[in-house]
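Data first, discussion second: the structure below is written as structure tokens.
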Amino acid sequence: MTIAIGREQERGWFDLMDDWLKRDRFVFIGWSGLLLFPCSYLALGAWFTGTTFVTSWYTHGLASSYLEGCNFLTAAVSSPANSMGHSLLFLWGPEAQGDFTRWCQIGGLWTFTALHGAFGLIGFCLRQFEIARLVGLRPYNAIAFSGPIAVFVSVFLLYPLGQASWFFAPSFGVAGIFRFILFLQGFHNWTLNPFHMMGVAGILGGALLCAIHGATVQNTLFEDGEASDTFRAFTPTQSEETYSMVTANRFWSQIFGVAFSNKRWLHFFLLFVPVAGLWASSIGIVGLALNLRAYDFVSQELRAAEDPEFETFYTKNILLNEGIRAWMAAQDQPHENFVFPEEVLPRGNAL
């Protein structure tokens, strides 16, 4: 009789690494964690460092750190100087030449934060894909998170790439983002852009749907215990439904005349509306990067120029945009030394 003894198959370094990364632990790491955790740590660290210590005097002529007297709303990691163009501003590159102080002064922390932040967001999206695959879920969480990634990449990376330099990207700070929004309105008439309109409809529509859905579920909870309220009389492992879809359907059928009768379609709609809005606004920002125009109602502008008694909300907004451009350009781009004579500043009923 012959006895065959099988040899255990040798496992390579990849298999050992795979086992270690996917081990069940309090904070899952996974392959996506190799991208997520270092990039997120470095992006947040750079942002906290910049807002605490680094000035924007050499890039924007501004104070932007806690050290200079700013608060949480006015501190920022500001975009690099216009003269830097689209350089990645490596610490060891020709601009900084290994000098950390000079690197901070010319805006190196901004490119560092933007690029590591983008890869951190992508790593978080891949993390959702990876965990969903391991536990047998569909990947719709990761698909939904593509919306915020698209917005971040289009606003912070693609828009300035279409313009003259990183200088025209938003700074990483609350007031800095507000300044960027005013810039988009004045120089691109962003609020009249159809992609902006779709983005607003998606985000506000998603908030409305979320509120309606949550309220409807709360309204139709089953009285399934002695204390049947929102926080009691429910166990996470129970097999029974905790609210009545039938009652909810009857309620909204009476309110609107139509209602969702399929939970899967209902929740897909809740997913689709805000994500579609985020993607639409991202596409619009890419259009702005290429300096594509929004709606132009030239006939109204011509008539308003000829007839002082004719004015529309559109012509008022056009005048306001001219004002933003004229008064903002000199403040926003001090390195250009803009000087506007009074006769070129906008005048009209809107101002």
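In case you wondered, yes, glycine gets a Cβ from its N, Cα and C as well.
Record features (Swiss-Prot):
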- 39-59: transmembrane segment (TRANSMEM)
- HIS116: chlorophyll a ChlzD2 binding site (BINDING)
- 123-139: transmembrane segment (TRANSMEM)
- GLN128, ASN141: pheophytin a binding site (BINDING)
- 151-164: transmembrane segment (TRANSMEM)
- HIS196: chlorophyll a PD2 binding site (BINDING)
- 206-226: transmembrane segment (TRANSMEM)
- HIS213, HIS267: Fe cation binding site (BINDING)
- HIS213, PHE260: plastoquinone binding site (BINDING)
- 277-293: transmembrane segment (TRANSMEM)
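You'll find the Cα of PHE260 (plastoquinone binding site) roughly 10 Å from the Cα of HIS267 (Fe cation binding site). Between the transmembrane segment (277-293) and the listed ranges 123-139, 151-164, 206-226, the one holding the most Cβ pairs under 8 Å is 151-164. Put plainly, the binding-site residues GLN128, ASN141 were compared by Cβ crowding within 10 Å, and the winner is GLN128. If you look at the transmembrane segment (151-164), the same-chain residues 6 or more away from its ends with a CB under 8 A from one of its CBs are 79, 82, 85-86, 114, 117-118, 121, 170, 180, 278, 281-283, 285-286, 288-291. Calculated from their C-alpha atoms, the gap between HIS116 (chlorophyll a ChlzD2 binding site) and HIS267 (Fe cation binding site) amounts to 33 Å. Cα-Cα distance from HIS267 (Fe cation binding site) to GLN128 (pheophytin a binding site): 19 Å (rounded to the nearest whole number).
Within 10 Å of its Cβ, the residue among the binding-site residues HIS213, HIS267 with the fewest other Cβ atoms is HIS267.
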